[in-house]
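Going by Swiss-Prot, these are the annotated features:
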TRANSIT   1-32  transit peptide
MOD_RES   Lys92  N6-succinyllysine
MOD_RES   Lys92  N6-acetyllysine
BINDING   Glu121, Gly146, Glu169, Asp177  substrate binding site
MOD_RES   Lys221  N6-acetyllysine
MOD_RES   Lys221  N6-succinyllysine
MOD_RES   Ser234  phosphoserine
MOD_RES   Lys250  N6-succinyllysine
MOD_RES   Lys257  N6-succinyllysine
MOD_RES   Lys297  N6-acetyllysine
MOD_RES   Lys353  N6-acetyllysine
MOD_RES   Ser356  phosphoserine
MOD_RES   Lys360  N6-acetyllysine
MOD_RES   Lys377  N6-succinyllysine
Amino acid sequence: MGLQGLCRLMSRFNSYKRTNIILQHLKMSNHTDAAAEVLLERKGCAGVITLNRPRFLNTLTLGMIRQIYAQLKKWEQDPKTFLIIIKGAGEKAFCAGGDIRALSEARNTNQKMLQDLFREEYILNNAIDSCQKPYIALIHGITMGGGVGVSVHGQFRVATEKSVFAMPETAIGLFPDVGGGYFLPRLQGKLGYFLALTGFRLKGRDVYTAGIATHFVDFEKLGMLEEDLLALKSPSKENIADVLETYHAKSKTDQDKPFILEEHMDKINSWFSANTVEQIVDNLQQDGSSFALEQLKVIKKMSPTSLKITLRQLMEGSSKTLPEVLIMEYRLSQACMKGHDFHEGVRAVLIDKDQSPKWKPADLKEVTDEDLNDYFKSLGSNDLKF
């Protein structure tokens, strides 16, 4: 996206950084090289997955998802594979999400692709969660959307000072999927609700402090960490954890820096404890602090339908298993593909680039409980199955 497009987006969001992170999440390619877009290699004691589209921030395609799932299952059964490592090529991104533009373009030409991508991606997310081998995600750089899905459900997630986490889907008429309804409400207090509704980004050690990552390692030591993991001889889960803990303990970058949201957490927990988006908005308005008004401004730019879907998704997901959440999210994904706001969000940000989505409905009060029920209803025989 050119400078002019960036400037237009800056006027729609309250900070360049938040705008840039959403743009990075949404930038997609119009072509892929299926043979090279993901590398699957046996190295030492490990199976290594490299998301290999650095020019496009390692965004996921359906072909990549299929290759990763098939190899994951093979390595899980291979007695010579003791752990699985997933990482992104290049230094900018682990994985900035899924092929959003391709999804929108498939609306009128390839309905099966809309079903297949979400179904197979969610099945992969669940397979990572249930993987019998230690699964280590090196989430250096941008990690959003689909990138979160192929990392956060793994046993170990290693952040660096360059890690950037965000779930900005409400800005384009979607919801934080790939199991967001499971892991977000399980973060401390109401942090996950805040992240889901605002698209707020976490960077560096904050990704670890928030609980997205299990370990923090200085970027300059990340290559050595990988080498030491690969050199292990028939390691147990405990051996792997010991190596990660050793590197974590030696990593001092921003060690004494407070969590970016630390001073606001009590208020976040209060504001986002409300059972409706309308009440959350009222809470922010009544507070009136600069931080509250900043978040209010962001929320008012989001799709009203997406906001309501997301709040209900997290509330229901807080008491569901991951497979149950993914079944729910598959229903939501298919409803969003048939709805207005996702395609309008893609149009405004990626196609016409006017950065002025016209949401329908345009106001929270116009999104009724009946509307929401339609998004969450069962698909019958078409429901996601594992």
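Note: Cβ is positioned from N, Cα and C throughout, glycine not excepted.
Long-range C-beta contacts of Gly146 (substrate binding site), restricted to its own chain and to partners at least six residues apart, with a cutoff below 8 Å, comprise Thr59, Leu60, Cys95, Gly97, Gly98, Glu121, Val178. Spacing of Lys377 (N6-succinyllysine) relative to Asp177 (substrate binding site) is 16 Å (Cα to Cα, whole number). Summary of the substrate site environment: with the site residues Glu121, Gly146, Glu169, Asp177 set aside, the chain residues having Cβ atoms within 8 Å of the Cβ mean position are Gly97, Gly98, Phe118, Gly145, Val148, Gly149, Leu174, Pro176, Val178, Gly180, Ser333. Take the Cα of Lys360 (N6-acetyllysine) and measure to each of the modified residues Lys92, Lys221, Lys353: the nearest one is Lys353.
Comparing Cα positions, Lys92 (N6-succinyllysine) lies closest to Lys221 out of the recorded positions Glu169, Asp177, Lys221, Lys257.
Annotated pair Lys221 (N6-acetyllysine) and Asp177 (substrate binding site), C-alpha to C-alpha distance, rounded: 32 Å. Cα of Ser356 (phosphoserine) to Cα of Asp177 (substrate binding site): a distance of 24 Å. Of all the recorded positions in the list Glu169, Asp177, Lys250, Lys257, Lys297, the shortest Cα-Cα distance to Lys353 (N6-acetyllysine) is found for Glu169. A simple way to gauge crowding: the CB of Glu121 (substrate binding site) has 27 other CB atoms within 10 angstroms, across all the protein chains here. Cα to Cα, Lys257 (N6-succinyllysine) and Lys250 (N6-succinyllysine) are separated by 16 Å.
DSSP assigns Glu121 (substrate binding site) to a helical segment in the three-state reduction. Asp177 (substrate binding site) sits 23 Å from Lys297 (N6-acetyllysine), taking the Cα positions as reference. In this structure, the modified residues Lys92, Lys377 were compared by how many other Cβ atoms lie within 10 Å of their Cβ, and the smallest count belongs to Lys377. Cα distances from Lys250 (N6-succinyllysine) to the recorded positions Glu169, Ser234, Lys297 are smallest for Ser234.
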